[in-house]
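Noted in TrEMBL for the protein shown:
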| type | residues | note |
| --- | --- | --- |
| TRANSMEM | 23-49 | transmembrane segment |
| DOMAIN | 41-292 | domain 'G-protein coupled receptors family 1 profile' |
| TRANSMEM | 61-86 | transmembrane segment |
| TRANSMEM | 98-120 | transmembrane segment |
| TRANSMEM | 141-163 | transmembrane segment |
| TRANSMEM | 200-221 | transmembrane segment |
| TRANSMEM | 242-265 | transmembrane segment |
| TRANSMEM | 271-291 | transmembrane segment |
Amino acid sequence: MLSIGNSTSPTFFLTGVPGLETFHVWFSIPFCCLCVIALLGNSTILYVVITDSSLHEPMYYFLSMLSSTDIGITISSLPTTLGVLWFNARAISLDACILQMFFLHGFTLMESSVLLAMAFDRFVAICHPLRYAMILTNSRIIKAGMVIFVRMLVNLMPLLLLLKRLSFCGPNVLSHSYCYHPDVIKCSCSSIKVNSICGLVALILTSGIDIPCIFLSYMLIIKSILSIASPEERQKAFGTCISHIGAVAIFYIPWVILALVHRFGHNAPPYVHTLMSNLHFLFPPVLNPIIYSVKTKQIRKAFYKLFPNTK
């Protein structure tokens, strides 16, 4: 089980649920159910936005981007997790690990950017409604999507390329059933100072910017809503933000806690890492379609058109 640092490609060993390996097949049942719900829910959101012309608006274009990133996150972690739970297939090479991290972390970083774009969309819709169509044109939304993708590459590629310079010379046992960057660099027997600094910089340049900007957007939104005289109009304006607030909460809270656990929770029980990683990578794809289907009238109407017997 030893991997030799520079002479051969290192091998890592994934972990399922620590201490409960004999129950992995049973754990795979709820995991598979949640993955199916996530894939079906987000695919349905994508389909109704594409096919229903009444949803061809900036808010729903950003929602389709959110669903796309959720599908990507789910698919990225699915193969190795099922391999561990079903077949105890724990071994994974460094190159395969880097490839999985590119997709898993890449879609996560893009989702953070999409949530920021959605906050800006709500800010313009509520604070500058008369200029909404002029500011958020189709061409600008396409450019925003390109910026989100390029931003992900700029932040992620240095992290992954720096992994190739590390030496791994011990039993490289990871804490999760997939490759997670802070988890991988802890297995190195060489200095990881540069990797850690680069990871911290990437975190600051993504969530460190996105979270304050989203918070500022909602401060301005609340200020604008409070200036509305009619209570009914206030409630209606704030109601358009509820779904996005829920999506932000279920995405960022587990992400921040998982990052803190990896950096400072070295003495935490192993199942804490497993629980927080599953909350972070599985709950947003599962809950986002449910939140938007329940709280957004237009999505519900499109859903009823698609499945008329559910009304």
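In case you wondered, yes, glycine gets a Cβ from its N, Cα and C as well.
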Criterion met for the transmembrane segment (242-265) and the transmembrane segment (141-163) (at least three Cβ pairs under 8 Å): no
Distant-in-sequence neighbours of the transmembrane segment (141-163), which means Cβ under 8 A and at least six residues beyond its ends: 58, 61-62, 65, 94, 98, 101-102, 105-106, 109-110, 113-114, 117, 181, 184-185, 194-195, 198-199, 202, 205-206
Taken over the domain 'G-protein coupled receptors family 1 profile' (41-292), the model's mean pLDDT: 91
